[in-house]
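Feature annotations, reproduced from TrEMBL:
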| type | residues | note |
| --- | --- | --- |
| ACT_SITE | His117 | active site, pros-phosphohistidine intermediate |
| BINDING | Lys10, Phe58, Arg86, Thr92, Arg104, Asn114 | ATP binding site |
| DOMAIN | 2-136 | domain 'Nucleoside diphosphate kinase-like' |
Amino acid sequence: MSERTLVLVKPDGVARSLVGEVISRIERKGLKLVALELRNVPRELAEQHYAEHAERPFFGDLLEFITSGPVVAAVVEGPRAIAAFRQLAGGTDPVEKATPGTLRGDFGLETQYNLVHGSDSPESAKREIDLWFSGL
Ligand code: CMP
C-alpha cells in the first residue's frame, strides 16, 4: 500500500546546493515525487509546521532558520514512504544519530542545520501535506 510524506530541503540544504543530491536519493530509493516546489516560508507557515515544538527552547531559532532562505518542499509517495524517507535522512542529530550513508550522516554537522525534514507519522504527513500543498 502506498503512502505519502512531506519532505523539505531546508535552507541549509538549498544554500549548499544539495537539492539534486536529496532528490536523486529519493528517486534512486524508488520513491516518486508527486509535488515539488521552491518556496519562501512565511513565518506563519513555519509556526504551523513546527507547532508541536512551540514550547521547546530552540523554537525561536528553528523559526528563524527555516524562514532564512528558500526551501524545497516535496510530496513523496511510495510503499512505506514515511519510514523510507526517514531512513534516507538519518537521525535528527547528524553526528550522534545519523549514520554515514544517510543524507544527514553524509552532509550534516549540527542538529539545527540538518538539511532535510520528513514527516514522522501518517498523521503528521497528512497535516503537513495539507499545510504545504492544500488541495493535493
Ligand atoms: P525536523 O525533523 O525538521 O523537526 C524538528 C527540528 O527541530 C529538527 O528537524 C531540528 O532541525 C530541530 N531541532 C531538534 N532538536 C534541536 C535542538 N536540540 N537544537 C536545535 N534544533 C533542534
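Placed from the backbone N, Cα and C atoms, the Cβ positions cover glycine too.
Overlay of TrEMBL annotations on the structure.
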| residue | record | Cβ within 10 Å |
| --- | --- | --- |
| Lys10 | ATP binding site | 23 |
| Phe58 | ATP binding site | 12 |
| Arg86 | ATP binding site | 18 |
| Thr92 | ATP binding site | 16 |
| Arg104 | ATP binding site | 25 |
| Asn114 | ATP binding site | 23 |
| His117 | active site, pros-phosphohistidine intermediate | 22 |
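When the recorded positions Lys10, Phe58, Arg104, Asn114, His117 are checked against ligand 1, Phe58, Asn114, His117 have a Cβ within less than 6 Å of one of its atoms. For the domain 'Nucleoside diphosphate kinase-like' (2-136), residue counts in helix, strand and coil come to 59 helix, 30 strand, 46 coil, using DSSP. Across the fold, the C-alpha of Arg86 (ATP binding site) and the C-alpha of His117 (active site, pros-phosphohistidine intermediate) stand 8 Å from each other. Per-residue confidence over the domain 'Nucleoside diphosphate kinase-like' (2-136) averages out at a pLDDT of 98. Largest Cα-to-Cα span within the ATP-binding set Lys10, Phe58, Arg86, Thr92, Arg104, Asn114: 22 Å. Note: the Cα of the residue listed as 'active site, pros-phosphohistidine intermediate' and the Cα of Thr92 (ATP binding site) are spaced 9 Å from each other.
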